[in-house]
Every structure is written in structure tokens, then in C-alpha cells.
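Scroll down for the structure; my scribbles are underneath it.
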Amino acid sequence: MSDKVIIFDTTLRDGEQSPGASMTKDEKVRIARQLERLKVDVIEAGFAASSEGDFQAISAVAAAVKDSIVCSLARANDKDITRAADALQAANAKRIHAFLATSPLHMAVKLRMSPEEVLEQAKRSIRFARNLASDIEFSAEDGYRSEMDFLCRVVEAVINEGASTINIPDTVGYATPELYGDFIKTLRTRVPNSDKAVWSVHCHNDLGMAVANSLAGVKIGGARQIECTINGLGERAGNTALEEIVMALRTRKDYFDMVCGIDASQIVPASKLVSQITGFVVQPNKAVVGANAFAHTSGIHQDGILKNRDTYEIMRAEDVGWSANKIVLGKLSGRNAFKQRLQELGITVEAEADLNEAFTRFKALADQKSEIFDEDIIAIMSDSAAAEEGEHYHFISLSQHSETGERPKSRVIFRMGDKEVSSEAEGNGPVDASLNAIEEIAKSGAEQLLYSVNAITSGTQSQGEVTVRLSKGGRIVNGVGTDPDIIAASAKAYLSALNKLHDPSQAKLNAQMAP
């Protein structure tokens, strides 16, 4: 019988550490529900001690998720661990994930602790955590660059104290597959009680080898949990990509002889949702979930595919959730058809009032474009969810005038708090003028780091999806807006980013937050 690999998703925690990828509580819940549909084993919902916003988000995810284990990260101290346990109270199944650095560099420079002090703190923290939860994971931060003898002592000690999962991260993406696999194997061989815990790998993609290293940790090292994120989202060059791990295990079962419980048909919906919420566009040639992942332009390849798909395809697009039937609804589609399509997309709308509001947005969009695609529906629901969160800034309307040879002018009307305000401004273009008009009133003083436009679907009728990245006071946030009118989408995106800057609960603790 094939061994099972546990899929531990950390999109909501480590993925959120990408600059600008901060998510609201409701956004985290929406992604968590999709991860549950994906049948992820463990969902790391955040770092409870890092901010009040993260604490509330973890609590909301814990209450919403029924089947997956919900996990919170914590530093290896009583205060953080207590905070994690409190946030997870509503979870059907919960895990506390405590981490502590074990490499010589981190111990000396960051922790300023001796190896013996680190060993004792690791033991105390796991002993304390076991009083609050039965499922405890310990991560040796920067584990791959740790000294083998010392790491063996730490791991043996925390297993004795009750750690049920041992995670050995390649925190800085320094490892190579064979060496990392051998490193895990050596640890498991030398730690006397290694059979008392599940071994886990957590790799970063700084050298482009996160997926390969993780698979080597499983195949060579004997690990049985892989920590990963949707789209490989994560700080610096990202994390291990969940979709690549899952499809590698499935496609090369002959080699790995392992299974996972993931419903692969939910991979693309998860990818699209994470991309839309965070504003991080998936590159077209990204494995499994990129727009070109199953595209064949070579005439020879196309001929082979038509004769037999196995000539150039090692997996089916539909197996990972790509749908050949793109056009789903139109202007004449009714409320029941809209509701049914939401269910097919895995989107849950609990209140009738929320469904009615979303359907009103759908009909308004259908008046502007003749064909409504799944991506349009996802964007509609994102706008609806944002409105439900009680935004401080909310777009109402805009008008703009531009003429060749003259500076464009724009007038934007939006809600700020409980007041409706309007402002006019000029700019180098209609988008610049609109954002200047908003800033005339908002006076945020934020620095704009990025402005990008992406067509949600094909054709000139497509909605534009705009991402605006702002920075202020050391915080970086992304705002996303969608509309057939690119100028309106830009204004929505800017206001979305301002909402995140305005929310004090989103300010994170200035501390190392990743194994």
C-alpha cells in the first residue's frame, strides 16, 4: 500500500508574508473554505500573536472550517502559545505550531542565546503547548543550516516532550535535493525516537528548488508532510507550490509510490481565488495553473494531441480544474442559474440578502458585457465580500474627461467613513487623475509601489483587474479592483489598498514570523 503524504498549506500564513499580500479576515475565510474543498489536511491560518487582525482571522477560520486541521504559528514561548490556543478554540481539530531557531547564526545573532538555552526553551515550550493541545508541531527554524549533533538533541527532546510533528525547514532556500533528502534521512536515523513523530519539510524557493527539495525530503528522507502554498506564494522567491507537489505525486506515482488526499479538480479554482485576492498574477507558463500550462502551439504537437492526447500531455487540464466550457451565463440568466453556478464554483453565500446583492452586481455587469465567465463571477463575489466588511473607503462613481494634447481631468465620488465625498483632479493620464482625486480627500501620504492591469478574460469586453500596491510606515499592502472600465477598476483598487492601510488590526508584529 502507498504511503500517504500530509499536505500542510500555509498560504494564509507564510504566503501572506509576500510584500503586499496581506489579507483581511473575510478574505482568509474565503481562501480557507476553498482549501477545505481542496481537501488540504492542515490549514495554517496565521500567527495569532503577530496582530489582533491575525488573531481574529484565525478564530474565524477555526469556526468556518469543519474537516481540515486548523493551525496557528507561535514562537516557542508561553505567551505566543497561549495566544495560538485561544485563537483556535472553535476548531474541530487544531494544531499549535511552535518554532525556534537552531542554526548557529540565528542563535548567536537573532536570539542571542547559547545552544543549551535554546534546547531548554524548546523543551519548555513544547511541554507547555501539550497542556493546551494534543497536536503539536515543532519547527527548527533554519534547520537545514543547523549543526547535525545539536539538531538531533533538540528534536529528540521535543519529541519526548510531546511534539507529534517535526518540521525541518530550509528557511533561506539554500538546500539542493539530494543533500536535503540525505539531511532528513540522517536526522531520522540518528534520532532514537524519530518513529514517534511525523517528519515534515518546509522549503523556500530562493534557488528555484523548493518543490524538488520537498519531494526529495519525502522520497529520500522519509518525511511524510509537505508544507506548501497555493501558487508558491511566499516572501522573497516564494514557497513550495502545492499544485506542483500534488501533481508530481499523482503523475509520477510509479516513482514516488505515495498518495495524498487532495481533490485535484479544485486546484485551479484555488489558484484563481488566491491570485484575485492577493493581486499576485500567476505567470502564464507556471506549471499546472498557468494559462499556458496546457497550451500547444507547435503544429507537430497539435497534430499529435489530436491523434492521441498522451503524445504530449502527461496530465489532463480538466483533472486540475481547467474548464473547457468557459461561457457560463449571460444577460438573460436568472437568479437560480446564478446561484447554481456559485455552488458549482464552490462559493458559499449564506444570507439571502448577500445573494440578492451579488445577483444585482451580476445583472449590472451583464448589461455591460454579453458573456459572463467564471472569472467574472469570482470578481463579483470578491467585490461583494469587500462591501460586506464595512470598508472605510467605498467607491461610488467617477467621471473623467480627456482630450489629445490636454491634461485629463477626473471626478471621483466615494464614501469615506459615513460621509459621501467627491473630488476633482488632473493627472498625466485618466488613471493618474482619478487616483490624484482620491488622494486629494484621503490624504494618505502612501507611496505607490506598483500599478498593474490584467484582463480577467479574453476580448475587449473583458473586465480589467487592477492591482495597486501602497507602502506607508513600513507596511506594504495590495488593493485589487475589477470593472469593465479600467479607470473605475483603478479607483476601486486604490481604495481597496487604502482600506487595508486604514485597518489597524492588520499591522503585524515586527518579528521573524517564518520557519
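Every residue, even glycine, has its Cβ placed from backbone N, Cα and C.
Residues His202, His204, Asn239 are recorded by Swiss-Prot as Mn(2+) binders, and the candidate that the same record lists for that site, out of Asp14, Asp26, Asp418, Asp432, is Asp14.
Residues belonging to the domain 'Pyruvate carboxyltransferase' (5-268) score a mean pLDDT of 97 in the model. Broken down by DSSP into helix, strand and coil, the region 'Regulatory domain' (394-515) contains 33 helix, 51 strand, 38 coil.
The binding-site residues His202, His204 differ in how many other CB atoms lie within 10 Å of their CB, and the one with the most is His202.
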